[in-house]
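Beneath this line is the structure, given in structure tokens, with notes to follow.
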Amino acid sequence: MDLRELVPALNDFASPSLAESWDNVGLLVEPSPPHSVNTLLLTNDLTEAVMEEAVQRKAELILSYHPPIFAPLKRVTWRSWKERLVVRALEHRIGIYSPHTAYDAVPHGVNGWLAKGLGACTSVPLHPSTAPGPPAAGTHRVEFCTDAEHLDTVLSKIKDIQEVSCLTTLPARVEGEEQTQVSLNCSQKALLEVVALLSQNNLLYHKTQILLLQKPLLPHTGMGRLCKLSEPVSLSDMIERIKHHLKLPHIRIALGVGRTRESPVKTVALCAGSGSSVLKGTEADLYLTGEMSHHDVLDAVANGISVILCEHSNTERGFLSELRDTLAIHLQNRVNVIVSEKDRDPLQVA
């Protein structure tokens, strides 16, 4: 599959527009075209060990959940390990693609996978994503009524304003008089000109309504998840479920004030990776994430919320096996999708 066909297919799976504004997602390294991809290697972190594995397994594209290029590179030399990744990728004609928070947001992404470890539950995003743009062109809708005497003049002047769209007229009856209702969409910049025009006529201005065109929320899409269990379970049982799902022998647990390991868990707020900012202020019996700051853990505990920490990438890496199967279907089995055997969390329990 040619890279220029494969990248749009990956973008369709999880649109980069869903990623957080601070993130760096999409195609990060592109070999000179044409570039055919037979093998796609999935990894959570692109380390030098994983890059060597990609070379040995003859992968033409690496999908690294975490972007290996995040802070801008001022040079590409052999001095630092991240620069060496780019050098090795280009030398061996290997592309690098990163989805990161776009995969956090989608319903079939990392947080959805993490929620599966809780047992039967319903979940909603903690911070819902919005559509890339409002449902219609422009940022505002302006509506006003005018009589036949002023209609043609007003419409003529409005049509001269740039960035005005969806201009419509409908017959209306206002205070017993036959009038025309005018409706239009416009940009923020054009709104100033439209209001300035209408304010020249007090009757028009006082009959004007201005509506902000909000970007609609996307269903089941966004950062984090608030999960409501079908049946409450003890914290001890929840700990075992999470350890089994993540295939971890140990996790870290902080008991909320007034809670024990036998306390019931009905609601779980979760966020793969680093969850402090996403989980903060959410009411739940339990927070589940990879890592949180010390003081955010103290805040949660003081509010009676227990906290489970599993290390950053341990809450993400297991998703890759599910992603392998899903992507193979999405790409119509035209690409051999494999999971890295060298990718692992850098922290170990000694």
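Cβ atoms here come from the backbone N, Cα and C positions, even for glycine.
Within 10 Å of the C-beta of Asp104 (divalent metal cation binding site) we count 30 further C-beta atoms, all protein chains included. Feature annotation from TrEMBL assigns divalent metal cation binding site to His66, Asp104, His312, Glu316.
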Quiz prompt | Cβ-Cβ neighbours of His312 (divalent metal cation binding site) (radius 10 Å) | solution = 21
Quiz item: Which has the fewest other CB atoms in a 10 Å radius around its CB: His66, Glu316, the listed binding-site residues?
Solution: His66
Practice problem: Write out, in the order they occur in the sequence, the residues of the chain not among His66, Asp104, His312, Glu316 that have a C-beta within 8 Å of the mean position of the C-beta atoms of the recorded divalent metal cation site. | Solution: Asn44, Tyr65, His100, Val110, Ala272, Gly273, Ser274, Gly290, Ser313, Thr315
